[in-house]
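The block underneath contains the structure these notes are about, expressed in structure tokens.
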Amino acid sequence: GTNEYDLLVVGGGSGGLACAKEAAQFGKKVAVLDYVEPSPQGTKWGLGGTCVNVGCIPKKLMHQAALLGSALKDAQHYGWNITQPVNHTWSVMAQAVQNYVKSLNWGHRVQLQDKKVKYFNMKGSFSDTHTIRGLTKAGKETVVTAENIVIATGGRPKYPKQIAGALEYGITSDDLFWLKESPGKTLTPFVFNVSLECAGFLTGIGLDTTVMMRSIPLRGFDQQMASLVTEHMESYGTKFLKRCSPTKIEQMENNRLQVTWKNTDLGTEETDSFDTVMWAVGRAPDTETLNLKAVGVKTNSETGKIIVDANEATSVPHIYAIGDITEGRPELTPTAIAAGKLLARRLFGHSSELMDYENVPTTVFTPLEYGCVGLSEEAAVQCYGSDNIEVYHAYYKPLEFTVAERDATQCYIKMVCLREGEQRVLGLHFIGPNAGEVIQGFALGIKCGATYPQLMKTIGIHPTCAEEVTKLHITKRSGLDATVTGC
């Protein structure tokens, strides 16, 4: 009658692994069950979840590859003799990135072993509220029982199945990072952050890349910043088809893909051929095989995500959910890790601390990076009213852009504050080099309730881009030119 494990985590991504390892620290008997269903194109990978295998890690490394290409152009202005033409070899980059990812897969397995966490490479489904039935790739069944179960299976990219040929001929980010050969001329329809990030580094390594936008870019982000990001990408060489929606994909005799789309503004039908079409239409929770209904775990009927309370508890006692699979949570690796650790501490470490999802910083790794923390200007207006917020802003030029004569038109900082009282900072938005590094530092201050006067008392490090945040003094309300001149 006793359960085999104190905790069973279903899903071996960032959140699930963090939860399992933290629980093991308390001397509990812990198991992780993880299985990667191959993508429709047959791509599969090892332990570690989306971030490690087909997300943040390979994306940032390929982004770095593109930045190095830009640096080679800049280098000539700084006196370096670069033999022309400079060429990029996809297979060399891909092999190096994939080898690093495989080393992380192995590292995760070793860590679980070191912490005495049992690892099952199986696809799991609920039999009852304390029992998971696991199936190996070969079809061998194992039944695992646990006192507490945490669902952390994350999400997988969606396919627009209503578009003819989408599933047969398209790929997603699940496939792109594991391609052995260059994707060639690439189309990425729909504008989520992953599509812009991928389009950015594909352009950066010299590939003909087109983004198809049906409506607004980077939904959920500050729209002024999103527009600046896409403007820079256009000037950088990425093509944009605006107000266009694909209707079908056909494979031609030469194996290239002919894409047909509708131009909403002109009311016309247009076509072009591509080597690769990469869908980026958002992610769906990976719950299909879990048998959640049978045990009563409630989900949002529209999104399919699991409904949880502040304690990460589902509608069923002793069953919890963390990470991208949960309704209303940011789809970010660090939040899943933090939530997983805190849950383990509440379950086994006599803690009562809940995860705080306010003021979570993030960055979009487009060619010119966009980092932010807190509210967008639109959200601040909605919460407090336009008369009650003050927006300080500046267009600036990174020093490293000057000698290289790089265009800095879209390098921009915006700080959204309450207008009255201490002028608490509600949101900080930064477009420029190393945006993630800049925002990470300021995120602490904003988490601690930083005010505009406090930031103005902060001495900047000269000459850096981050320093410009400490010099913001022009408000949007003033109508004055916000371009920074001189030091």
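The backbone N, Cα and C atoms fix where each Cβ goes, and this holds for glycine too.
Keep in mind that what you see is a predicted model, and the values were worked out from it rather than measured.
Positions annotated as active site, proton acceptor by TrEMBL: His462. The 10 Å shell around the Cβ of His462 (active site, proton acceptor) contains 8 further Cβ atoms across the protein chains shown.
Marked as FAD binding site by TrEMBL: Lys60, Gly124, Asp324. All protein chains considered, the CB of Asp324 (FAD binding site) has 29 other CB atoms within 10 Å.
For Gly282 (NAD(+) binding site), applying a Cβ distance below 8 Å and a minimum sequence separation of six or more within one chain yields Pro157, Lys158, Phe190, Phe192. According to TrEMBL, the feature NAD(+) binding site maps to Gly282.
Feature annotation from TrEMBL assigns disulfide bond to Cys51-Cys56. With a 10 A radius on its CB, Cys56 (disulfide bond) counts 17 other CB atoms from all the protein chains.
Taken from TrEMBL, the feature domain 'FAD/NAD(P)-binding' applies to 5-340.
Under the heading domain 'Pyridine nucleotide-disulphide oxidoreductase dimerisation', TrEMBL lists 360-471.
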Notebook entry, point to check: Taking Lys60, Gly124, Asp324 as the record's FAD-binding set, what's the max Cα pairwise distance in Å, rounded to a whole number?
Noted result: 31
Checklist line | For Gly124 (FAD binding site), nearby residues of its own chain (Cβ under 8 Å, 6 or more apart in sequence) | finding: Val10, Leu33, Tyr35, Ile132, Arg133, Gly134, Leu135, Val144, Thr289, Leu290
Next item on the list: Specify the nearest of the recorded positions Cys51, Cys56, His462 to Asp324 (FAD binding site), where nearness means the distance between Cα atoms.
Entry: Cys51
Checklist line | Long-range Cβ environment of Lys60 (FAD binding site), under 8 Å and at least 6 residues apart | finding: Phe365
Check: To the nearest whole angstrom, what is the C-alpha distance linking Cys51 (disulfide bond) and His462 (active site, proton acceptor)?
Finding: 34
Check: Which whole number is the mean pLDDT over the domain 'Pyridine nucleotide-disulphide oxidoreductase dimerisation' (360-471)?
Finding: 98
Next item on the list: Summarise the domain 'Pyridine nucleotide-disulphide oxidoreductase dimerisation' (360-471) by DSSP state, stating how many residues are helix, strand and coil.
Entry: 41 helix, 31 strand, 40 coil
